[in-house]
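Notes to accompany the following structure.
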Amino acid sequence: MIAKNAVPILILYYAACSSTMLVINKVAVHFLPTPTFLLFCQLAFSALVVKICKSFGYIEADKFEWDKIKKFAWVIVGFLGTIFCNIKVLQYSNVETFITFRSSTPLIISLCDYFLLGRAWPSMRSWVCLFFLIMGSAGYVMVDHGFELRAYLWLFLWYCFYVFETVYVKHMCESVPMSNWGRVYYTNGLAMLPLFMILPAMSESNILFEIIWIPQVYIPLILSCLVGVGMSHAAYMLRDSVSATYFTLVGILCKVVTVIINLSIWDKHAGPEGIALLGVCVLAGTFYEQAPKRESKSLLARDQEVKMFSGAPASAATCSHKSPKVLDGFKTVP
């Protein structure tokens, strides 16, 4: 478990990676319009860095084991689908489009929390936030002059993969203990294999052979690979130190910095109306609160009754509620 006084440093670490990764990918795919190749380079580079550092003893990372690979397979499906659709969205649309739809994901995830993960319905405050998220997203679509049907189809696919990954990874993190660098190694190392097999079918080889490898082409590619390593590691480190709700909050706030960077260096951003509606989405997402587990209240009440009538010590269930178990880099929500 990371010390509490290190949390601000981890937030800055994660924010620096998250706020720049989206813009760097947009620049990279603009000068090198081969999103599949770009993603493969990022995955391969991250896996290679972990492998080399592990070989020299600088870090600890889980080695490949068949039992873990089988359990991790669906994580790879969700991760690879989410990242690939992310890059395709950036290829056909602008950064604000992706951020707005990303800010509205709590609506679907709250339903999955209730029906699949045993959480309560969101509070009235959270429902209000979700309402403004939906209205902001719908309004942005109406004023988005860069509307492209392909972009919004990719956004829908990204939505499906993202929700699946969020729910399934939550389950896996509680059932398969691994180190932070081990998760980075598995995620990137396993995901690059199917991508390598489909790479020839993506018709990007001609572009790669014809491209002139000038600095404005290969520098964004190198930067995206470097930031990709930090992004993976920072995400797991921060998840290990704060609650899921706080992690989501930090992620949404990072999108504000992304917009600022995008407005400073890029000319394919939305107009004033789109930026204003984006601000509504980000603010609503900021004030959203994740619902607690449904059984938490009954467990606490039951324990209080036991203590009141028998003077018995607190139950194991309540103790686990007060002090969440740390599962190798992730807090297990009781």
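Every residue, even glycine, has its Cβ placed from backbone N, Cα and C.
The annotation transmembrane segment is assigned in TrEMBL to 7-24 (among others).
According to TrEMBL, the transmembrane segment annotation covers 30-52 (among others). Same-chain neighbours of the transmembrane segment (30-52): 59, 61, 83-84, 87-88, 90-91, 181, 184-185, 188-189, 191-192, 195-196, 198-199, 202, 204, 207-208, 211, 216-217, 220-221, 224-226, 228-229, 232, counting only residues six or more beyond its ends whose CB sits under 8 Å from a CB of the stretch.
Marked as transmembrane segment by TrEMBL: 72-92 (among others).
Annotated transmembrane segment per TrEMBL: 124-143 (among others), in sequence order. Sequence-distant contacts of the transmembrane segment (124-143) (same chain, six or more residues past either end, CB-CB distance under 8 Å): 96-97, 100-101, 103-104, 106-107, 110, 152, 270-271, 273-274, 277-278, 280-281, 283-285, 287-291.
The transmembrane segment annotation in TrEMBL covers 149-169 (among others).
Under the heading transmembrane segment, TrEMBL lists 181-199 (among others).
The list of residues near the transmembrane segment (211-232) in space but at least 6 beyond its ends in sequence, with Cβ under 8 angstroms from a Cβ of it, reads 13-14, 16-18, 20-21, 24-25, 27-28, 31-32, 38, 41-43, 45-46, 49-50, 183-184, 187-188. Positions annotated as transmembrane segment by TrEMBL: 211-232 (among others).
Sequence annotations record features per position, and here TrEMBL assigns transmembrane segment to 244-265 (among others).
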